[in-house]
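S.K.: Below are the features listed in Swiss-Prot for this protein:
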SIGNAL    1-16  signal peptide
REPEAT    27-62  repeat 'TNFR-Cys 1'
DISULFID  C28-C39  disulfide bond
DISULFID  C40-C53  disulfide bond
DISULFID  C43-C61  disulfide bond
REPEAT    63-104  repeat 'TNFR-Cys 2'
DISULFID  C64-C79  disulfide bond
DISULFID  C82-C96  disulfide bond
DISULFID  C86-C104  disulfide bond
REPEAT    105-147  repeat 'TNFR-Cys 3'
DISULFID  C106-C120  disulfide bond
DISULFID  C123-C146  disulfide bond
DISULFID  C129-C149  disulfide bond
DISULFID  C164-C185  disulfide bond
Amino acid sequence: MLRLIALLVCVVYVYGDDVPYSSNQGKCGGHDYEKDGLCCASCHPGFYASRLCGPGSNTVCSPCEDGTFTASTNHAPACVSCRGPCTGHLSESQPCDRTHDRVCNCSTGNYCLLKGQNGCRICAPQTKCPAGYGVSGHTRAGDTLCEKCPPHTYSDSLSPTERCGTSFNYISVGFNLYPVNETSCTTTAGHNEVIKTKEFTVTLNYTDCDPVFHTEYYATSGKEGAGGFFTGTDIYQNTTKVCTLNVEIQCSEGDDIHTLQKTNGGSTMPHSETITVVGSCLSDVNVDIMYSDTNHPGEVDDFVEYHWGTRLRFFPLPKRCTPVS
């Protein structure tokens with residue numbers, strides 16, 4: 001208790017060590033204020049003048065109570081009440097304390113309809129661009145501007161933030177397998193989407209994919225096999241659909257089912273994949289899938305990778321194989 005009293009005494013007199021002095025033609029130095037021809041000490045931010053100065057006594061300053069503040073040097077008779085809590089579409093960006101008013105701004109997904117002296121007073125939800133349209137910018141107030149997605153781009157969701165994404169006209173599905181025993185090096189042209197050996201069958205099924213698969217490829221080197229399925233480049237993916245690939249590797253022996261997990265890659269284009277291995281002929285499988293816009297090489301690619309097993313060193317596809325019609 002004595003410690004608290006000592007602190008309050010210090011607060012009261014820290015601004016009042018010197019008695020007031022006479023003003024110079026109504027002017028005072030620093031932050032001092034003039035009263036009845038005397039220059040008196042002002043209170044620091046976070047305090048108010050609980051008693052103004054007089055002959056022989058300087059200003060008495062007291063701290064602001066909770067919910068009130070003073071932001072600058074002053075000799076005000078009371079602290080200012082803080083703004084009320086931020087509600088609705090408003091979120092607090094500056095809490096109320098002894099030296100600051102509460103500041104409210106729009107929460108994510110909203111924009112300011114009415115600005116106040118300190119923050120925003122009224123917020124409203126931003127416009128959401130429908131599927132087939134993307135965000136092109138914002139109004140001066142911060143509302144969303146939408147534009148129809150140009151050719152070879154897409155937006156498939158109702159969103160106040162999503163811009164039109166790029167599409168693709170080429171898909172390559174490459175895989176590496178271990179161990180394999182049968183020696184092979186073949187290229188197959190035609191709408192087959194199946195690679196078959198004595199040990200396993202690799203089948204590619206797909207739905208809602210516009211680029212057309214027309215080439216299959218498989219080769220071996222030692223105990224490792226590599227192959228793939230490839231499309232042409234003359235058709236772009238319809239951006240209102242999601243290209244879905246299902247790659248199944250069916251061993252000639254066993255019936256265990258393993259679903260490969262994605263280990264690398266993101267998605268900025270409309271596609272999804274499922275990769276499964278059925279049977280017990282393989283210990284390691286790696287599947288790489290690339291979606292590309294060949295008219296913008298290196299700029300517009302989605303690359304995803306799926307892996308199962310522990311062996312990570314795989315050999316690349318041979319540059320040449322004997323075509324098989």
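Just so you know, glycine gets a Cβ as well, placed from its N, Cα and C.
Since this is a predicted model, take the numbers as computed values, not measurements.
Just tell me what is around each of these and how deep it sits.
M.R.: Across the repeat 'TNFR-Cys 1' (27-62), DSSP helix (H, G, I), strand (E, B) and coil residues number 0 helix, 18 strand, 18 coil.
When Cβ atoms from all protein chains are considered, those within 10 Å of C28 (disulfide bond) total 19, not counting its own.
Using a 10 Å radius centred on the Cβ of C53 (disulfide bond) and all shown protein chains, the other Cβ atoms total 24.
The DSSP breakdown of the repeat 'TNFR-Cys 2' (63-104), given as helix, strand and coil counts, is 0 helix, 15 strand, 27 coil.
Taking a C-beta cut-off of under 8 angstroms and a sequence separation of 6 or more, C64 (disulfide bond) has the following same-chain neighbours: G46, F47, Y48, T70, C79, R98.
Just so you know, the Cβ of C86 (disulfide bond) picks up 21 other Cβ atoms within 10 Å once every protein chain is counted.
Over the repeat 'TNFR-Cys 3' (105-147), the average per-residue pLDDT in this prediction is 93.
For the recorded site, C106 (disulfide bond), the DSSP three-state label reads strand. Annotation for C106 (disulfide bond): spatial neighbours H89, L90, S91, C112, C120, C123, G142, criterion Cβ-Cβ under 8 Å with sequence separation of six or more.
DSSP classifies C146 (disulfide bond) as strand under the three-state reduction. Sequence-distant contacts of C146 (disulfide bond), defined by Cβ-Cβ distance under 8 angstroms and a gap of at least six in the same chain, are T127, C129, P130, Y133, G134, V135, S136.
C149 (disulfide bond) is surrounded by 22 other CB atoms, counting those within 10 A of its CB over all protein chains shown.
C164 (disulfide bond) falls within neither a helix nor a strand when secondary structure is assigned with DSSP, and so counts as coil.
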S.K.: Given a separation of at least six residues and a C-beta threshold under 8 Å, show me what packs close to C82 (disulfide bond) in the same chain.
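M.R.: When sequence neighbours closer than 6 are ignored, C82 (disulfide bond) has G67, T68, F69, C96, D101, R102 within Cβ distance under 8 Å.
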S.K.: How big is the Cα-to-Cα gap, in Å, between C104 (disulfide bond) and C149 (disulfide bond)?
M.R.: 35
S.K.: Between C43 (disulfide bond) and C53 (disulfide bond), find the distance joining the two CA atoms and give it rounded to the nearest Å.
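M.R.: Taking the Cα atoms only, C43 (disulfide bond) lies 11 Å from C53 (disulfide bond).
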S.K.: Which whole-number value in Å describes the distance between the Cα atoms of C86 (disulfide bond) and C149 (disulfide bond)?
M.R.: 37
S.K.: Which disulfide-bonded residues (C28, C39, C149, C164) fall within 10 Å of C53 (disulfide bond) by Cα distance?
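M.R.: Taking C28, C39, C149, C164 one by one, the ones whose Cα falls within 10 Å of C53 (disulfide bond) are C39.
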